[in-house]
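Trainee: According to Swiss-Prot, the protein carries these features:
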type	residues	note
ACT_SITE	ASP262	active site, acyl-ester intermediate
ACT_SITE	ASP390	active site, charge relay system
ACT_SITE	HIS418	active site, charge relay system
COMPBIAS	1-27	compositional bias 'Polar residues'
COMPBIAS	53-63	compositional bias 'Low complexity'
COMPBIAS	64-80	compositional bias 'Basic residues'
COMPBIAS	81-90	compositional bias 'Basic and acidic residues'
DOMAIN	188-312	domain 'AB hydrolase-1'
REGION	1-36	region 'Disordered'
REGION	48-91	region 'Disordered'
TRANSIT	1-58	transit peptide
Amino acid sequence: MGNSLRCISQEQDPNQKKPSSVVNGNSSEKHVRRLSLIPSFRRRTLLPSLSCSGSSTSSTSKKGGIKTKKKIRERHHQEQHHHDHEKDSLIQDQTLAATNILFSQTPRNSNSAPPFRRSTSVVYTQPPTAAVAASVGSVSGALTPKKSTYGYVRSSSNRQRSSTDPVLKPNQLLDKELKVEGAETKRFVLVHGGGFGAWCWYKTITLLEKHGFQVDAVDLTGSGVSSFDTNNITSLAQYVKPLLHFFDTLKPTEKVILVGHDFGGACMSYAMEMYPSKIAKAIFISAAMLANAQSTLDLFNQQPDSNYDLMEQVHLFLYANGKKNPPTAVDFDRSLLRDFFFNQSPPKDVALASVSMRPIPFAPVVEKLHVSEKNYGSIRRFYIKTMEDDYAVPVSLQDAMIKSNPPEQVFHLKGSDHAPFFSRPQSLNRILVEISQLPPKKSS
């Protein structure tokens, strides 16, 4: 296009008088028509070169062309800057509008949290409204805990909370600092139940350590990370040996708060008889609290027949020495663990237990425990009752133990299954801290 314009300029005689627009209107129209073929976005850059080609020997024309180019660049820069400014303003307006929409959906005159939840443990603290249920549609069934074939509530992360449930609401600060003052000792020792291991206390350990306690969780022989074969355990003393070794390593004047769950109650009772001076308090959590000359098997034979069918199917006897001899261990049917032990626990904890639980040695279960009032009876005992959702150690059995061997004080933990360290870790932690702060009894 630029070459054609230069050809037009060269054909004209430089000595020829410039015709007026009236006389040579056709020539002017032809020249204008040629210029109109140039796209509008290229005219600004071509016109200065056109004027330069017409008077290439004139320095004034050259200076004028340079100034024109400079003005064009400045004008282009100003237009680009104005365009960027308008674009930034538009983005700011859109951001402000989105923010207004967000805050308009959040109640301003309430203490409730925004509708963003990291935890999925409890989404609906109350039954959902009809509008919410309609919006959920096909997944509305997830709001109601499922039931197993035995009629027991399966583990569900959105179980509706009871009005008497002591656990904090999701929009409250669950890690709010507890004041720990006046504790006789700030060291806890946790003893797991039958089939469990130190791994089951991971939530409790975290919460207690956050409040300044020193916490030790023991793996009993053949449990947790112990490589010992449970079929070869022949006595209660052999089973609790790691716990006894722990007490042997304590300083002479050091005391601990001993906590046991399930069959761990019998194990801690054995240690209480041997190390009474090193135990400040003993806490039984839905645990076997045996009387003198009583075995854990004797205790569980008192269990009502209501859960007998499920209990019989959950427990699988192992006969390492042949079926003509007594069982050597008791294993679990993994498909029934949720119904029996963890019907209120989060699914992730149920999965952890299903791959971590190990058989219970049978010999310690049938061994009768011998305790004395002088040693075992001198230690302050506390019992934490799990309520109606505990099918492994029902409330009736816990009440029978409490009646026959009364502790100093009983605490109730509602809404928990047999594993409160999974289903109600915050509530369990508060009770443990509360017991730790109870002042020591004055000697008479």
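Keep in mind that glycine also has a Cβ here, set from the backbone N, Cα and C atoms.
Note that the structure is predicted; figures quoted are calculated from it, not measured.
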Trainee: Using a 10 Å cut-off, grab the number of neighbouring Cβ atoms around the Cβ of the residue listed as 'active site, acyl-ester intermediate', all chains included.
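Mentor: Its Cβ has 26 other Cβ atoms within 10 Å.
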Trainee: Can you name the residues of this chain that are 6 or more positions from ASP390 (active site, charge relay system) yet have a C-beta less than 8 Å from its C-beta?
Mentor: SER286, GLN398, SER416, ASP417, HIS418
Trainee: If I take every residue in the domain 'AB hydrolase-1' (188-312) and average their pLDDT values, what number comes out?
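Mentor: Overall, the domain 'AB hydrolase-1' (188-312) comes to a mean pLDDT of 94.
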Trainee: Treating G and I as helix alongside H, and B as strand alongside E, what does DSSP give for the domain 'AB hydrolase-1' (188-312) in helix, strand and coil?
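Mentor: Looking at the domain 'AB hydrolase-1' (188-312) with DSSP, the answer is 55 helix, 23 strand, 47 coil.
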Trainee: What number of additional C-beta atoms lies within 10 angstroms of the C-beta atom of HIS418 (active site, charge relay system)?
Mentor: 24
